[in-house]
Structures are given as C-alpha cells and as structure tokens.
Amino acid sequence: MARHKIVLIGSGYVGSAFAHAIVAKGLVDEMAIIDIDEDKAKADVWDLNHATPFGDNFVNVHVGQYEDFKDADIVVICASAKLAKGETRLKLLEDNVDIFVPMIQRIVDSGFDGYFVLPSNPVDIMSYVVKRVSNFPKNKIIGSGTSLDTARFQFFLSREFDVAPNQVYAPIIGEHGDSQVAVWSHAQIAGEPVLDLLPSNTNLEAFKTSISNRTTQIGYDIYVRKGTTNFGISLSLVRIVEAILFNKNIIMNVSSYVEGEYGLSDVYIGVPTVINRNGADRIIELALSKEELSQLHHSADIILDYQRQADAIIDQMC
C-alpha cells in the first residue's frame, strides 16, 4: 500500500489549521512541518502529536528538515509575508516573491518531484512564481484560487434558499480578490437556476449585487475582526491534497495555468479544474455569458499585469 507524505511550509494560522485537519482525518502517513519560527513549528508538532490518538488514522508528525522534500508527495506552502492594514492581496506581491524564490529553488534542488499546493496571496500570481522558478509542469502547481470564494458564494446562497451549502453549485472564477467573477449563469440548486427559484417579484439585479458583494467583502470583514481567515481556506487545501493523493477526480475552482481556455493564455487564474493523481488534470470550460467572459478577461488582465511585475522582480534576483 502506497505511503503518503506531505511537507507543510508555514505553521501560522492557515498552516496550523491545515495540519490539524490532516491529523483529524488521518489523510497521510507522514507530515513534516517547517516554519521560520522553529519553536513554533516544534510546539505545533508536539500539540498535533497529542491529537493523533483521536484521528481517523495515525499520522507521523515531525519537524521538517531539508531532506524531507525529496520523498514528499506534496509540498503545501502556507508561508507568506504579513498583510499590512489597508493593503490588497496584490500588494503582497513583492514581499512574497522575495520569500518564494530562494525557497522554491531549495525545494527543487533537494530532488523533490511532487506537487506544490499553495494558498499564499496573491495566490494566482504566487502560483505563477512557483511555476517559473521551479520549471515544473503546470499540472504540478495548484493554487487555492477561488475555491474559498466559491464556498462563500455557496454558503450565502444556501442561507437564502434554506438548503445545505454543499447542495449549491455556484462557481466564482477569476482572481482571488476584488475582480473575482460570480458565475450566475451556472448557479444552481438541484439542477435549477437559483434565480428561477426566487419569488417573481424579486429585483434580480439587486439580489445578485447583494450576494456578489457579500462574497467579495466577507474576507476583509473577517480579517478586520480576527486578523486572518484560516478555517475555510485550510479545508480547501485539505480537499486539494486528498484529491491528489486518492485520485478523487473532483472539480474545484483553483488557480490553474490556462493555455487557450476561455480565450486566455499564460496566466494562473481561478477556473473549474479536475483534480486527481495527475494534479490539475484539466480545466473545465463553462459556457459563460458575454458579461461574465468580459469580467473574466478583465480579471486576467489584472493578474497578468502583476505577473509581469513578478517577472521583473525574479529577473533581478536570479
């Protein structure tokens, strides 16, 4: 029976929540944890070890070393610069490129040949940075993309229609950020368009605007109150890791590298993607409305502009 090993880089709010979920579900045989704060990594390892008796399967959790990368199936990168007050996710770019370039080079030099999974913001651009620095094939690098935004969209719609969130299909695509696109043309419950399920006197545009704005804004609202968002995104990462390790063939809206899909090329962006043992196996092209497609292209233009800035920073470093 195949043994599964992951390395987690960054044991902050997101990383530790992810690690706890991995232990609770017993998804892997071994998990190595690396953090710039070695005492924090050590303390998390001890704490997680004491949780293993309650997990579904035993996970060997230990402090990671350079040697751990070589035989890992997946490296999950939760390391990130801190988001300063008033900054957007995209403003994190320069600091995180400075962190990522030497880190990715070292991981690749170790002989690692598995999959990179990351939520670090700006996640679409950082996914591109990992691809450029590692020179790995596109399927081996998966950013969390708009998976969390999609979950938020599902949740808000589920409250409106009094159904479980996982019974709502409502994709968010594009940038994980302000230019994200709510795909109302494909939002469904039990196969029925959600807009058709509303009372006949509903102001549809007002309803759509309200839900879309709440979906975009809620991350900032959470951040203002607790300084981070970590529970939803950590479970998104768990779902991605599980899909790769166990060939789940699930579809998630993650940061994938498009090469012609949706009329876009050479950009990491949130799109529906089949995830299995091949990583980001293939992109699903939804039939978007003209407005949605235009919004997606606008979102891609924003990401591409920052990708060019990332390229300039990398060129100076390498």
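The backbone N, Cα and C atoms fix where each Cβ goes, glycine too.
Feature annotations, reproduced from Swiss-Prot:
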type	residues	note
ACT_SITE	His176	active site, proton acceptor
BINDING	Val14, Asp35, Lys40, Tyr66, Ser144	NAD(+) binding site
BINDING	Arg89, Asn121, Pro122, Val123, Asp124, Asp149, Thr150, Ala151, Arg152, Thr229	substrate binding site
MOD_RES	Tyr220	phosphotyrosine
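Annotated features taken from Swiss-Prot, shown on the structure.
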residue: Val14; record: NAD(+) binding site; Cβ contacts under 8 Å, 6 or more apart: Cys78, Pro119, Thr228, Asn230, Ile233, Ser234, Leu237
residue: Asp35; record: NAD(+) binding site; Cβ contacts under 8 Å, 6 or more apart: Ile9, Gly10, Ser11, Gly12, Gly15, Ala41, Asp44, Ala79
residue: Lys40; record: NAD(+) binding site; Cβ contacts under 8 Å, 6 or more apart: Ser11
residue: Tyr66; record: NAD(+) binding site; Cβ contacts under 8 Å, 6 or more apart: Arg106, Ser110
residue: Asp124; record: substrate binding site; Cβ contacts under 8 Å, 6 or more apart: Gly143, Gly145, Glu175, His176, Ser255, Val267, Tyr268, Ile269, Gly270, Ile303
residue: Thr150; record: substrate binding site; Cβ contacts under 8 Å, 6 or more apart: Ala170, Pro171, Ile172, Met252, Asn253
residue: Arg152; record: substrate binding site; Cβ contacts under 8 Å, 6 or more apart: Ile172, Arg214, Thr215, Ile218, Gly219, Gly232
residue: Tyr220; record: phosphotyrosine; Cβ contacts under 8 Å, 6 or more apart: none
Ser144 (NAD(+) binding site) versus Pro122 (substrate binding site) - Cα distance in angstrom: 10
Site extent for NAD(+), whole Å (max Cα pair distance, Val14, Asp35, Lys40, Tyr66, Ser144): 25
Residues that sit under 8 angstroms from Ser144 (NAD(+) binding site) by C-beta distance, when 6+ apart in the chain: Val117, Leu118, Pro119, Val123, His176, Ile233, Ser236, Leu237, Ile240, Val254, Ser255
Those recorded positions listed as Pro122, His176, and which of them has the most Cβ atoms within 10 Å of its own Cβ: His176
